[in-house]
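A.B. asks: Here it is, the structure in full.
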Amino acid sequence: MKNKKYLQFGGIAAVILIVLFLVSLFSSDTRNFQEVDTSVAMAQLDAGNVAEAQIDDREQRVRLTLREPITVDEREGVEEILAQYPARTAPAIFEKVEASNTDSYTTNVTQESFLMSMLSFILPMVIIFGLLMFFLTRMQGGGMFGIGGSKAKQLTKDMPTNTFADVAGAEEAVDELHEIKDFLEDPTRYEALGAKIPRGVLLYGPPGTGKTLLARAVAGEAGVPFYSISGSDFVEMFVGVGASRVRDLFKQAKENSPCIIFVDEIDAVGRARGSGMGGGHDEREQTLNQLLVEMDGFGDRQGVILMAATNRPDVLDPALLRPGRFDRQIPVTNPDLRGREQILEVHAKGKPFAPDADIKALAKRTAGMSGADLANVLNEAALLTARVGGNVITADALEEATDRVVGGPRRSGKVISEKEKKVTAYHEGGHTLSAWALEDIERVYKVTILARGRTGGHAMTAQEDDKGMYNRNELFARLVFAMGGRSAEELVFGEPTTGASADIEMATKIARSMVTEYGMSPAVGMVKYGQEQGDPFSGRGGGGNLDHSQEVAATIDTEVQFLLDKAHEVSYSILAEYRDHLDRLAEKLLEKETLRRPDLEALFDDIVPRKVAEVFPDESTRFPRQENREPVKTPVELALERGEEPPKKFSILEASRATRERRRKELEAQGKLPVQPASSAGVAPAAGAAAGSYGTPPPADWSVPGSAGKHRSRAEEQPAEQGFPAQTPAQAPEQSPDSSGGRPNPYATPTASGEHPGMKAYGFGDSELMDQSTGAEHTPGNVSQESPTEMIGFRLPDHERSDYPEKAQKESVLDASETTEMPVVPDQPIDGDSGKSAEGTQENPENEGDNRG
């Protein structure tokens, strides 16, 4: 404040000085004199036409008042003239004036005033000093020309945003963020328990899982100012700009508190300190230090919540992750089976689907995909349909779109010789048959020899449920699966090819992980080896030396080689035993180019899968399984044996939903229900996502016409299930048009068409939920908005289609949410033509042949 006052006073003084200088400069007494040449003035003196004369010695000029007017430069009636003369001619001019017949003359010897002399010296100094102070002040604040100012964008109500209803497949993350919204809306409930709002929230997870979407949903739901900025916006070429932008950002936030700041890709500025190689000054460290101080330093940060997103939490500085800065760290992982179904249903809104399109089957085939991948699959399917002039998205379009996302587009123009095509058919057949003959690996869902992306073919497995834990036999079965292609080449042609390079790479990763990470090798033991000292540019040490001796490294290499050799032997023996099946499979592949599960079941109907034998010699000698003792049964297994309904596990997610619903009803009864932000245009609420408030709820016995009450709000049934007292009719608030704070009741009466008006608030009406002709219930993802008279869609060629009808999908006994997710070995695609994995692939251990390793 003092600096601002000094600057104001200095500016006023400078303006006054400038005005005085200009006044003294332009207030001259020679305005009425016409300036003429010196010769004209001398001629008037010689002619005696001068009445008065004045010599200004300092300015070296002479002013003459004439007796008779003259004409100067076509100007008539000039009576006063002024002329300049050189300094050395001053005596001659004086003699001329003295000799002329003038009435009077005078000599004016002027001296510069003290004020003018001081102005000529002080004014430039004041201007220079003022400019320096201006630039220095701008450097401390926003920087020169705004270089150091914050680039954060504040979202306003007019900007299109998302809501929690637009987020699917991340229910736990939504619930964690919903708590922040509740705290901002109703802090008294939390403050009564002494709770404080989290000061920082870090969203981390793989790319494409919806971290930024969650932040946009918070912006649409929070109801407070929301600032968004990228981590790279803090990094500039000028020293100190990053720290200045951090200060300016938090200054704006504090002025508008309570508010939320979202920093996307915070790893650009939040990497661990001490990672410089040359020992010099690191501008990023200065920015990070300022960020740490602003998040939890000596100053107050009341009412400012910092959200951040990154897919590299391992490189962040430990001081940034401690409680008090990021109190809550929320993982946003790839969705499970149920989450994929919800995401596909969200992105299926507005897309017409053919009757054979099955969203649930697509969700099972896309294990390991992120939400962005799933959205891309449906978009590719729509583009394929538009390319062929179709009006509905078919199952073939979904399958082709999945293959395009996984392995790339088809290379239809590639010329392949007959011999290479035959080698590819046997190579992929070796993978398929090796997996089919083992119990410890999923059956192959699809095998093809069509060139796609950088692969010449691939075999894909599809799991029934999401798995997160693998035993030794299951991992070894994947090694056998990977070695099947090379074994087929050796068995049939007698020589290997380069097509198995990606298979060898994937198998080596699995085998090395079994030995060095999972402790499955008796020779090495249960010790984690192979941990490098770290990346020298990540702040976690440098050098890259292994943390074990050369003798241990040799033992590890020996064990890895043993696993690969044994898997090679097992796959070779399987193919040699079922050589006839391999020939029939290769023949069918050469004919149809693509085979699916029904075709493979018909070819391999007489193959009995075997269990993997003992992997390591005498592996069960030291720690054998106790005989005649079985593990205990889970409550679900016991309930199924008794023919009872499986018990429902306690869920904090469901309990918090029930609490929010109960709180919503209380506020609704009091007429204090806050207005919920509308969902973004064109996006319907996701299944399983947090439901918004759309006015007074319908009666408890109301249901969609024809649905027998199936579509009642799930939140209405949860309180009693989660141990909360159910609301009795006597406790229910009276239903009235004004019970929600003056808003109209959308559930008042059905419309003339029979469709309840309240369903419009949820994104779809009765006509979308029910088939009016049959009364059958539709899945939202499989509903076409318009029913075309002739359905045209993308279809695969006849020779690529299955000769056998698809069998109904087997429902799993356990719900997909019962399984836990634990990262295992990332698998590689099984391709038969390239030594490199497919571009844009995913780490997916449970879907080994799905070309996403």
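Each Cβ is built from the backbone N, Cα and C atoms, and glycine gets one as well.
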A.B. asks: For the Zn(2+) site that Swiss-Prot lists with HIS427, HIS431, give the additional residue from the candidates ASP356, ASP358, ASP373, ASP503.
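C.D. replies: My reading of Swiss-Prot gives ASP503 as the candidate in that site.
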A.B. asks: In sequence order, what residues of the same chain, 6+ apart, have a Cβ less than 8 Å from the Cβ of LYS211 (ATP binding site)?
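C.D. replies: Listed in sequence order: LEU203, TYR204, GLY205, ALA309, THR310, ASN311, VAL332.
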A.B. asks: Apart from GLY205, PRO206, PRO207, GLY208, THR209, GLY210, LYS211, THR212, which residues in this chain have a Cβ no more than 8 Å from the mean position of the Cβ atoms of those residues at the ATP site?
C.D. replies: ALA309, ASN311, VAL332, SER370, GLY371, ALA372
A.B. asks: Cβ under 8 Å, sequence separation of at least 6 from the ends of the compositional bias 'Basic and acidic residues' (619-632): give me the contacting residues as numbers and ranges.
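C.D. replies: Hits for the compositional bias 'Basic and acidic residues' (619-632): 522.
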A.B. asks: Nearest to THR209 (ATP binding site) by Cα, among HIS427, GLU428, HIS431, ASP503 (recorded positions)?
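C.D. replies: Sorting the recorded positions by distance from THR209 (ATP binding site), the top entry is ASP503.
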A.B. asks: Which of these recorded positions is closest to PRO206 (ATP binding site) if you go by CA atoms: HIS427, GLU428, HIS431, ASP503?
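C.D. replies: Ranked by Cα distance from PRO206 (ATP binding site), first place goes to ASP503.
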A.B. asks: Can you figure out which of HIS427, GLU428, HIS431, ASP503 (the recorded positions) comes closest in space to GLY210 (ATP binding site), comparing Cα atoms?
C.D. replies: ASP503
A.B. asks: Taking only same-chain residues 6+ apart in sequence, whose CB is under 8 Å from that of PRO207 (ATP binding site), what do you get?
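C.D. replies: Once residues fewer than 6 apart are set aside, PRO207 (ATP binding site) is near ASN311, SER370, ALA372.
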A.B. asks: For GLU428, ASP503, listed as recorded positions, tell me which one has the smallest number of other Cβ atoms within 10 Å.
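C.D. replies: The recorded positions GLU428, ASP503 were compared, and ASP503 has the fewest Cβ atoms within 10 Å.
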A.B. asks: GLY208 (ATP binding site) to GLU428 (active site): how many Å between their Cα atoms?
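C.D. replies: Between the Cα atoms of GLY208 (ATP binding site) and GLU428 (active site), the distance comes to 31 Å.
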